[in-house]
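Features as listed in TrEMBL:
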type	residues	note
ACT_SITE	A:K50	active site, charge relay system
ACT_SITE	A:S157	active site, charge relay system
ACT_SITE	A:S181	active site, acyl-ester intermediate
COMPBIAS	A:136-149	compositional bias 'Basic and acidic residues'
DOMAIN	A:47-523	domain 'Amidase'
REGION	A:103-160	region 'Disordered'
Amino acid sequence: MLARGRPRGLHLRHVCSSRQQRRLLNHFISKEPEPTEQPPTPYRFTLAVKDNIATTSSSTPSPQPTTCASPFLATYHSPFEATIVTQLRARGARLVGKTNLDEFGMGSHSTHSAAGAVSQPPPPPPNPTHTHTHTHAPDSNHAHNHDMEGMLSAGGSSGGSALAVATGEADLALGTDTGGSVRLPAAYCGVVGYKPSYGMVSRFGVVPYANSLDTVGFLAKGVRAIREVVLGKQGLWGEGDGRDPTCLSAAARRRCARGREGYGTPLGGEVLRGLRFGIPLEYNIEELEPGIRDAWAAAAKMLQDEFGARVVPVSLPTTRHALAAYYVIAPAEASSNLAKYDGIRYGARDTEAASDAAGGVLYAASRGKGFGDEVKRRILLGSYTLSSEAMDNYFIKAQRVRRLVRKDFNRVFALDNPLHERETFDLTDLDESIAMEDKWGPEEVDFLLCPTAPTLAPKLADVMKQTSVDAYMNDVFTVPASLAGLPAISIPMPVASTAGDVVRSGTAGLQLIGQYWDDARLLAVADAVSTALKGASTAK
Amino acid sequence: MSRISTAELGRYLLTGHLSRRGCLHARLPRISPSAPFHRPTSQRRPFGSDAESLETSTAVPRNAAAAPVAPVTPLRKQLKDQAKALKASGRKKKKNADNQTVPGWELTVGIEIHAQLNTARKLFSPAAASFNDKPNAHVALFDVAMPGSQPLFQPETLIPAVRAALALNCAVQPVSRFDRKHYFHWDQPAGYQITQYYHPFARDGRIVLHARDGIAPEEDGGRVEIGIKQVQMEQDTAKTTAQPGDVHWLDFNRVGLPLIEIITLPQIRHPATAAAFVRKVQMLLSAVDACVSGMEAGGLRADVNVSVRRSEDVATGRLGTRTEIKNLSSFKAVEDAIIAERDRQIAVLEAGGVVEGETRGWSLGSTETRRLRGKEGEVDYRYMPDPDLGPVVIGEDLVGHLAASMGVLPDAEIDELVGRYGLSAKDALSLMMLDDGARIQYFYNVLDALEERLGLGNDAASDQRHALLAANWCLHELGKLTELASDLGMTPNGECHVPSADLAAVLSHLHRREITAKVAKDLLWGVFRGDITAGGVTQTIDAASLWFHELSEREYAELADQVVEGEDKVLGEFLRFKQGNAKAYPQGKLMFLVGKMMRVGTEQRMDPASAERVLRARLERVYLPALEAR
């Protein structure tokens, strides 16, 4: 059973106690009116839905639009509802509102929105012993006013959903994760963000950004609420959807689950025993904030010491190309998906511009006005990489990289990927620093353990000054799992400052990545690890 | 990117060419019998006075349809008129026929044909495929690209697609994929068309064209083979209807309907052959039921790529710069546009210019192609694999089953019609093309009923003259009944306003020489008009006493004796032949005498063939010996 409406242990409780303060966050684009009927329709949990997921409402006279935070769809009311929303309604969800996002899901800070940027207030001073080391610990009253100065990024693109959960306005929130858009805001906002295996949750009714990567994800304060809807009674994992061709059929689900634990029979607390965790060497990058690196190492040590897990270094050599590949593939698909927004069916048509046909470029003016800058940037990028002269050099190469990324993962995981034939690997491709377990190769692992993002939530003011390429850097740890379609989850990881330096304290995200369709174990392990992390931080 | 409406396409395809290409174009003025059937027999049969032309069929041996023919208009005059008409129409065609090559130059043509598949649903949505239905009545979410909707491939669309591929002798690919082709147009809601660019479902086909298919006769010889590079499935676009005042109405019933695009190798060298290729593709597709009922209803569109090079450059293997002519909607347009474009390119090159790679257009009836856009205006389609759609896997079992159940292909059927029943290739082709394939079905219905009435088995070795008779009547006599073939009310299963059983009844009497051809034609008209109720043919003959009571041999002989009286000069011609002084038998003179017999005698009791036979015998045995003796 899900606990509802009770904010626990997170800083937002302190600063967001009033409605007015919540409005500051700008995390909802539209809200459902409070139910007025007496007695109110019973529900089991509240649900916030990212505004690129179609909703309709039979109960309210004026259903909420589905805007995707784009001027094009400002007044768009979907005639149908996304499968996932219907599924959750059937499981007792009450919709509370549609959350803010980067336009069409393109962004890492939820700032590229027609509804205005999402912002989260800075954390309150941590426990008193650390106050003096916190460089910008704001006066708690100060945080309440309208000053944007101290506000932090909520992460993106599902920033609104992450905040809706963090403030306690929703027990569960839906986001979409294309390259980290659920996990990154979860990490920045101190909540749990889970991206299921690609094809587990229906995308029907989810306005596509990059179809081959888009995954509906879940955000909640704890892992348990997510486990409940995904694996509990009537667990979503078993439900296919004939309206989404990329959603696995019932037969495929059964086949994938055959080699996995945790489907049908719930996993207990002993799940952590004897597990092997891989630490990807390539994730220890220069840009990684020292505090996060320390917390990561501490988490690994805790798993080893307290749970008897094996922690081994692994190599994912293609990681360094993954981000580049992602920023070729995703914009390419985006440029195609967004071609339908041409000012004829959606948005305002620019009738003042000269005749389109004259210059041979159709609809340019309407599209120029209707899209935000980041979307335009990615459409141009995608249009270029798909053009006949650039295709081979960009799109095709990126697809090859994508295949290599998947191969990397298949090599380090002990379980096979049920979607692909078992591959053999050449040991000479391996990084020399990887120790061999035996003559067959290095040790294989159950899960990968790494940070979700290289930094803590940055200041919104800094984000606004960033170039777009700087912003893309935030996705470096989340993109590989997206390219491979693997399940991944970000759980809150306390980052403590070390005395005397300028490290910020707060909550970062610890990411666990599993083999395809190993979601049941991933969630169980994440549940156990986050409990342990919480215990460790309170013990300090 | 404007498109021609299907209704418009339909007009060109149906009325433009089918009937002209067959033998029907050479037909003499249509007979319009004015006599209702219930008129008294004596008034109704002015055999001698109606200058009606008959006997236009191409292949009836004189004795085959042994029924009497009325040669009142002297046969020679008829033949002359026919020849004249042929020549007149031939001269018009000759312009193109003589224009297949330009000395010193070689033409290269490749063709892309789009055809609408015959399916119940759209390619990627379960919305119904419809034609001329209430606008925007069959539209699914995905068809209008609603945000968040996804394509749902309808596997049934593969059935006609694979049939088409097999008819075109293609290798059906075990795995094929769908790609997105991007361009903006209001008739395409998603901003891209889903097609098969990188991995089409069928490749490496070929079509053999014979002389009878209408290829450039001298240049291509009797047979030419055109390679097909690939066949791909793709979506159709919405239908635009222009309204007054720069307003366009869109009908999304058509958006997303499945099409196939057939792409040839650049192996066509002559304009007529290009047109023949398109015609043959249409025939093949309709024969295997791959395309919408009535491709003539708008399911066909061709783009042609044209280039020329000097004959001395042929050896280098390099082709000239090509231009593409888009949206050709009839066979004639294909041929005319290629000739015009070839001549334009040659003129440009001979003037020292350079042919630009560009897209050009063609209007029906014009004499030159016009520039639509140059290379700089080309759209980069940015082809991308569709990330929502998985690969299409076509099993060998499906291909095998469809290949086995496909039935007889047109070439085999034509061979059978020609070889077994003795039809001319031209007639066989017409029979198969008419009424969208229903006419041939009607012919088989008539033939079955006729064989039953005549008590004939379906024995290939036996005399097939009755079948030829049936074919001629199904093609020519039936065609004379109406201005438009559609007025016959032919249904796809081969029935029309003249029930096949009744035509068979008429033909059975004619075949047995129980009635004359003239009577048979009157009966046909009566059935068509509804004056004779279904099944009432024989009763009508009884009631109106139309049976043919032929003169006896003696009566023929007496008539012959009567007409040779005073024709010594004519008889002299026969004598000269007999004595070896003339090369050819004076058939014309013979027919002159037969005609005279018919005029003198009781025509409705006479068969010209009998008259000829008796006359000829008496010439040999009586008149010539008598003349020699003189």
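Even glycines carry a Cβ here, placed using N, Cα and C.
A quick note: this is a predicted structure, and the numbers were derived from the prediction, not measured.
The Cβ of A:S181 (active site, acyl-ester intermediate) lies under 8 Å from the Cβ of A:L101, A:D102, A:G105, A:S108, A:G156, A:S157, A:S158, A:G175, A:G217, each of which sits 6+ residues away along the same chain.
Around the Cβ of A:S157 (active site, charge relay system), a 10 Å sphere holds 36 further Cβ atoms from the protein chains shown.
Around A:K50 (active site, charge relay system), the C-beta neighbours below 8 angstroms that are at least 6 residues distant in the chain are A:K98, A:T99, A:L101, A:G105, A:S158, A:G160, A:S161, A:A173, A:L174, A:G175, A:T176. Predicted-model confidence for the domain 'Amidase' (A:47-523) is 87, expressed as mean pLDDT.
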